[in-house]
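Features reported for this protein in TrEMBL:
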type: DOMAIN; residues: 37-199; note: domain 'FAD/NAD(P)-binding'
type: BINDING; residues: S46, L75, W383, G390, L391, I392; note: FAD binding site
type: BINDING; residues: N186, G187, N188, V189, R230, R231, E242, G390; note: NADP(+) binding site
Amino acid sequence: MFLIRQLLNYNNGSFIRLSLQHLRRTKSTFSTSPAPQIAIIGSGPSGLYVCSRLLQRFENCFIDIFDKAQAPFGLIYYGVAPDHFDMKKSMTGFEKMFEENRERLELFCNVDANKDVNFEELCSTYDAVVLAYGANKPRKLGLENEYGNNCFSGGEFVSWYNGMSQQYIKNIPKLDTGSNAVVIGNGNVAIDCSRILLSSPERLKQTDITENALNALKKSKIKNVYIIGRRGPKEISFTIKELRELLNLEGVNSHCLIDSNLKEKLEQELNLMERPRRRIVELMLNFAEEKRSSPNQKSLKLLFNSRPTKIELNNKNDSINALYIQNNLDNLIENIECSLLIVAIGFENILLNGLPKNENGQLKMIDWCRVPNKNSLVYATGWCSHAARGLIADSQQQAYSVADQIYEDLNKINSTKNSIKKMSARTQIQQKLSSRGVEFINWDDWKYIDECERRMGAILGKTREKMSEISSILRIMRNKGIKN
């Protein structure tokens, strides 16, 4: 809060004068031509790639993007690790897209499509609705005590250090209660969590990691991180770039626990593997020999073919005390004492209220991208349309194909809701949200918030300081007369 007050009074009010350029535009948009009106639920890469393609294909259209988060860009903003600067660069292209299409495109962040405005309302208002809200329900181990203190999903831990609103984070990780942490999972989320835990605060201090997380890492007593995976070295889902970065992390003694028999077998099979898999296995084999560590070094151990069987809690405070694992090859059971447990074994899809289900309880699809609905054309793309897997870049091709399908379908219909209603879909939704007291965040609002975060970051010597409670910041600015 001190930083916010300092920011608002920055340079004798010059910052306040600057902010007046970003006042919310409240004028209604009325229909003058039958341009299609499209709603996209989800402002992450999948939704934004669909949007960019639609803007290219349609000479005239209106697109509104909804997201329950308080900032746009989805995983780019809330998922990509703070030290992965290059992966965040795609935000620049999306920002340009918004700036170059101010009349055609609008943002509605801090809007929950399950609560603030429902799916059927969007279907009855827009010509097409695109589901691109991802998958954010963490998969669970199904073990007793999985909800003990200092036990987190990978998504929760990532959200914590990336500044997700506190309403989505039940507890704050405690890093100063013990020296051992266990991360379960053989994917890149497990790698990100482990790398953040093992990184020196000095390495992260100029990134956009939150100050709360950075201060916790400064006080951290975590010295040893164990990554546990049920699969073998050939089957892991790590990408080589992320794995190499972790294994070679400065100040860390890394060891892939591969016994001599398995090591010999893998070496014999190397030439039979496809090149990408061979490179990953070779990298792990290079770290199969344990190296002598120096007194101040941290430790990373990767265990394979192991499954968790029991979570033991401390009787005093119900916090994690130990994890029991069983080796899938010899069935031996061992326990690892730990004070922090992170379960990063993937995500499951959550259906919005009103969406059709198939016999498996998943999203019902007509074909590869269409969803049945009587009031509108509905499409799905990204993780909400299939299993939660793949990299951010992988979503682009599917999103473009979905956008092309929307273009073809709307042109075949050759009529829009815009041609029979005096008031545009955007104005209708704005009025509904305002009447319900929903404090939505549009693109002008976000640009102002973005400027605030960058200013606060500059004060702290970093790229930005994310504001986890953006709605509170908006109220403060309104009270000062900065926003309407």
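Glycine is no exception: its Cβ is also placed from the backbone N, Cα and C atoms.
In TrEMBL, annotation is done automatically, which means it is predicted and not curated.
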Legend entry - Minimum Cα separation from G187 (NADP(+) binding site), reported as the residue among binding-site residues S46, L75, W383, L391, I392 that achieves it: L391
Inset, instruction - Could you check the binding-site residues S46, N186, N188 and say which one's CB has the most other CB atoms within 10 Å? - result: S46
Inset, instruction - Mind checking which of V189, L391, I392 has the fewest other CB atoms within 10 A of its CB? They're the binding-site residues. - result: L391
Inset, instruction - With H, G and I counted as helix, E and B as strand and the rest as coil, say where DSSP puts N186 (NADP(+) binding site). - result: coil
Inset, instruction - Taking the Cβ of R230 (NADP(+) binding site) as the reference point, list residues of the same chain whose Cβ is under 8 angstroms away and which are at least six residues distant in sequence. - result: N186, N305, S306, R307, N328
Inset, instruction - Tell me, if you would, which residue among L75, R231 (binding-site residues) has the fewest other CB atoms within 10 Å in the structure shown? - result: R231
Inset, instruction - Identify which of the binding-site residues E242, W383 has its Cβ surrounded by the largest number of other Cβ atoms within 10 Å, counting every protein chain shown. - result: W383
Inset, instruction - Tell me the Cβ neighbour count for G187 (NADP(+) binding site), meaning other Cβ atoms within 10 Å of its Cβ, over all protein chains shown. - result: 18
Legend entry - Model confidence over the domain 'FAD/NAD(P)-binding' (37-199), averaged pLDDT: 95
Inset, instruction - Using DSSP with the three-state reduction, classify W383 (FAD binding site) as helix, strand or coil. - result: helix
Legend entry - Integer Å distance between the CA atoms belonging to N188 (NADP(+) binding site) and L391 (FAD binding site): 9
Legend entry - Between L75 (FAD binding site) and N188 (NADP(+) binding site): CA-CA distance (Å): 13
Inset, instruction - Work through the binding-site residues one by one (S46, W383, I392) and name whichever has its CA nearest to the CA of V189 (NADP(+) binding site). - result: I392
Inset, instruction - Work out how many Å separate E242 (NADP(+) binding site) and S46 (FAD binding site) at their Cα atoms, rounded off. - result: 22
